[in-house]
Amino acid sequence: MDIQGLSASNRHPQDAPYVHKVGLPPKQNLFSEFKATVKETFFADDPLRSFKDQPGSKKFILGLQTVFPILEWGRNYSFAKFRGDLIAGLTIASLCIPQDIGYAKLANLDPQYGLYTSFVPPLIYAFMGSSRDIAIGPVAVVSLLLGTLLQTEIDPVANAEEYRRLAFTATFFAGITQATLGFFRLGFLIDFLSHAAIVGFMSGAAITIALQQLKGFLGIKKFTKKTDIVSVLHSVFASAHHGWNWQTIVIGVSFLSFLLAAKHIGKKNKKLFWVPAIGPLICVIVSTFFVYITRADKEGVQIVKHIKKGINPSSVNQIYFHGDYLLKGVRIGIVAGMVALTEAIAIGRTFAAMKDYQLDGNKEMLALGTMNVVGSMTSCYVATGSFSRSAVNYMAGCRTAVSNIVMAIVVFLTLEIYHTSFQVYPKCHTRGHNYFSCDQPELILMQHV
């Protein structure tokens, strides 16, 4: 008799393999499902988790660190990090000064307003932003958009003061829009913007900006206010016989060739990233000397003339909080604020992915919104993250947002210490990723006070 077979046949059921059956989760009612969906959408990171079971003093400190991230990462700040931020800050400062003057021209504002926008907003962002690499200031896309929308409401030449007031009003409501999105934790909305949509938008904006530069590049005085390609080309060729200035063209082509060559050098050798960064400043110095000794401004080369000395004056009383221009400022501000926000988030996420750290979209919205609200009260127009400046900031070895503070200090010194009597200066604007097109070559005369 097979003892083993008999033993197997008499094996107890409890010796059989155990099969675990997973039951269906309890069915939730509509309200519970809605509550869970809202929590997952708006509070997926559980922002109040670190506040649980903490004493009142600790909660206060954590609250400050939430609003001002610099208080958290600043505790581990070192001299090695400062050295990298100092070099990066000085590098982007040499880039931003000629940029800011050109961008202010795109927004139809006096050149000092571009410099103002690279002083106050970067300081605020450095304390409130979560990106280590974004360089804050005016940008070509937003400047052109703002200038185009504003001039449809007010003539920037005939009514310069009202135009500035509407610009500050639009900036205020751009900041309110951005801060509101961050306060209500709507950062997830940025996820709906596909990479293709962002690239398409930036490419279209680059083409529009390039077309607008034909006015200065060819020295045309009467130019269309429209931005479509048909209107621009019609305006260019209609003035071909008597409206072009050959001196402007020669100077523009020369410096544009230099900037393109500098960009090529920077691409070939990553260690020479500073060559395209200081290219615009070199153009300023060389064109200053060249146009001054040749008196090219007497031959039709347009000039900036004078930039007002001193740091940002208050503009609180210039914002429209009532009247006919209030709704216009709100409408323009919302559009400009959303475009600026999209560009900043796109830049921030790009560099955060490259350095493998997390970017908080809601904190970014609050930081950008706050800096634009405060900026509107200190004679600034809409500021955001700059592609070209952020790329230079990254290549220069920035470690934290302190590079923005260094840049702001340099701009402050430029505004306060130097008396800038701008007589001729090449108005250079960004075209593409990291180079400029010289608009109306003009000369700078700088006299130390």
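The count begins at 1 with the first shown residue.
Cβ atoms here come from the backbone N, Cα and C positions, even for glycine.
Automatic, uncurated: that is what TrEMBL annotation is.
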Write down the single range among 67-89, 366-388 that appears in TrEMBL as transmembrane segment.
366-388
Any chance the transmembrane segment (394-415) and the transmembrane segment (166-184) are in contact, meaning at least three CB pairs closer than 8 A with a sequence separation of 6+?
no
Between the stretches 134-154, 166-184, 273-293, 332-354, which wins on the count of C-beta pairs under 8 angstroms to the transmembrane segment (366-388)?
166-184
When you check the transmembrane segment (134-154) against the transmembrane segment (273-293), do you get at least 3 Cβ pairs under 8 Å, counting only pairs 6 or more apart in sequence?
no
